[in-house]
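As given in TrEMBL:
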DOMAIN    21-241  domain 'MacB-like periplasmic core'
DOMAIN    286-401  domain 'ABC3 transporter permease C-terminal'
DOMAIN    429-588  domain 'MacB-like periplasmic core'
DOMAIN    667-779  domain 'ABC3 transporter permease C-terminal'
TRANSMEM  20-41  transmembrane segment
TRANSMEM  280-302  transmembrane segment
TRANSMEM  336-357  transmembrane segment
TRANSMEM  369-396  transmembrane segment
TRANSMEM  417-441  transmembrane segment
TRANSMEM  666-687  transmembrane segment
TRANSMEM  708-733  transmembrane segment
TRANSMEM  745-767  transmembrane segment
Amino acid sequence: MWLHQLRILYRNILRFKSTFIINLLGLSAGLACAILIFMWVNDELHVDKYFSNQSQLYALRGIHQQSNNITTTENTPALLGESIVKDVPGIAAYTTVIPPQVLPPYTFGYENESIKGEMGYADKHFFRVFPYKMLYGDPTTALSDINKMVISESIAKRFFKDPAAAIGKTLSWEHERPFIVAGVFEDMPSNATDHYEFIIPTEVYYSLPSSYINWDNHNGRTYLELEKGVDPAAFQVKIKDYIKTKLPSSLVTLRLVPYAERYLYDHYENGVVVGGRIEYVRLFSIIAIFIVVIACINFMNLTTAKASRRMKEIGVKKAVGASKQSLVFQYLGESMFMAFLSLLFALVIVYCCLPTFNNITGKSLTFAFSWQLVGVLLGITCITGLLAGSYPALYLSNFNPVIVLKGKFISGFGEMWARKGLVVFQFTLSVILIVAVMVVYKQIEFIQHKHLGYNRDNVLYVKAEGRVKKDINPFLEQVRRIPGITYAGGSSGSLIGQYGSTIGISWPGKGADETIKFAQQGVTYDVTEALEMKIIEGRTFSRAFATDTTGVVLNETAVKAMRLQQPLGTKITFWGEEKTVIGVVKNFNYETLHQDVQPWIFRYDDQRPGIVLFKIQAGQEKATIARLEQFYKTYNPGFSFDYRFLDSDFAAQYTSETQVGMLSRYFAALAVFISCLGLFGLSAFTAERRMKEIGIRKILGANSSSIILLLSSEFTKLVLIAVCIALPLSYWFVKNWLNEFAYQISLSPIYFLIAGVLAIIITWLTVGFQSWKAARINPTKSLKI
């Protein structure tokens, strides 16, 4: 029985080669897309989900109630963990982690070798809460001593070849402070958001002069492991106002967040989570479904369109007693065969495209065997096969054998409209994707070229280390003499992602209950000049005015927040010290363009530089950097010259959007390609069915142009309907996406017009070729068909 069905299937493949090839290409491309997206989605969904105590692991967020807005941060007071575990029942363990306060990575050395890596501060409970495997050493005591540290397995191998040999060895931090290696832990997994390679005790951070350990300074990250059976919702109620019990004037509340959800749900508005990367997971899941559905529609349309060529086969089978159920199973079996054959081709496509896909997404996905992957592949393929074959199977099995064998079968009105409806649905999805791709591309382009209020071009910076950090002024004086260096200055951090914040500011007229969070940065001379910031009033820090070292420079938003009518000369209190406003700069975007500009204060500080910033003359970048590197290594022996460009940091803020834009382009092109495959096959079938009509029309005087117009008009109308449906849907979709940006492009009608025209042109090119072929056939031949 099955052998007989296989023979029929083989004969039909040979008989309908073009249909077979189109279906194979469409389903293979659709499945390949679905597999790639599944691999990406699966990786995203498993970020930070590798701990045995995952269901009990939580992070605390700080919700800052301010007069001008509400912000949510990962940081909490460093004192929080040790205090809350004593006062609030239900906590099995806690740990406090303090991320690097200045530009990573940090330098650690052993004898004559130095290695830079990611470093963090953590307390002695770190390995209790986060059960990373400790390969050598005792995880309960490894971070108990202020003079000891732990390192990752890969770092231990780089220093000592054998990780076990690392225990007891002394590493120097920044060529200054020695630490004894007390433990070697297994490398943190690739799907972890934190990838620390060096961990030193939090007591080291607390001992730093700039640490400011108090309940008003949020410089740590607190993680809790709740006891089994504790209700997170009830626990949230207990801890919400905990900081106020320690600091009554605080306007910060706490929010309990599952540790595994930090990555996907990281976008907050008014203290409430409203999304994050989970939106991209949903978006691409929907795109995968769209593309598979488009491929399935091709299969349905082409299979039912060719039904007339299989009517006698069906009639004979029904006449000799074949049941409707057996015919349904036969045609579903054929579609399942096509789906699994397409899966083989899809796997080849995935294997070839995976390196490029990884480059676009920044992932390291591998096509390794796993039962989960096998199950998903089988599931996707079976669903695709059943979806693609369901309608053709039911349609073909319903033929009346008497009518079919007499050759009187005529396609029904319902069948025609079903096929047309599927074409409309296909192109509706395709047009939506085309509009989305254009808008995403233009928004990313807008972001990349928008003037931010400062010039990031030809600005590079290095981390302030060693001799440079200890005394930055002599270094800057000598650097400025290097040809090609326009400006050089020190800063507590870069503008992008490396700045502090404070609510510890008072000014004339400030309300008793008024709380405003200010971004702040300590800088030396020439930093604002290097960034080409526009001065609106006054000046920036100048060597000509000795008092400028106690001055501050505000941005426009800070002036507005303080309600200063005459800002210059205004005395404000900054961290308990009196400062004088010496200048106002035009607003600049130091965060992503998702957010509005916040109040900003520059203060003079040459004592604790985090980075050194250099403005390089355009056209001399390569030679200037070479001279700068040579001088830096001579001035600061033992430290490598690892520089970064400010514009690269800016671009890195939009990695997710850039990835979405590139993937959307590829997937939209794939959707259009699959739709065109189906249209190509359907137009060929239509031309074949109307061949005699075409011959008669040509005999009666019709020219090739009118024949092409006749055959193309039917599909053009369908695509026009699809465009009319797709445009309002696409407007709703892209408008919602753009609303995530504080600064966005205007939705010009041109995007929707281009998408519609492009869909029509693609239709004409696809259908026009088949129509041209049909119109070129000699009418005497077409009348014999």
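From the backbone N, Cα and C atoms, a Cβ is placed for every residue, glycine too.
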Subject >> Tertiary contacts of the transmembrane segment (336-357) (same chain, 6+ residues out, Cβ under 8 Å) >> reply: 9, 23-24, 27-32, 35-36, 40, 299, 363, 365-367, 377, 381-382, 384-386, 388-389
**OP:** Take the domain 'ABC3 transporter permease C-terminal' (667-779) and average the pLDDT across it for me.
**Re:** 79
Subject >> Spatial neighbours of the transmembrane segment (708-733) far in sequence, C-beta under 8 Å, 6+ residues away >> reply: 420, 423-432, 435-436, 679, 682-683, 686-687, 690, 694, 697, 747, 752, 755-756, 759-760, 763-764, 767-768, 770-772, 774-775
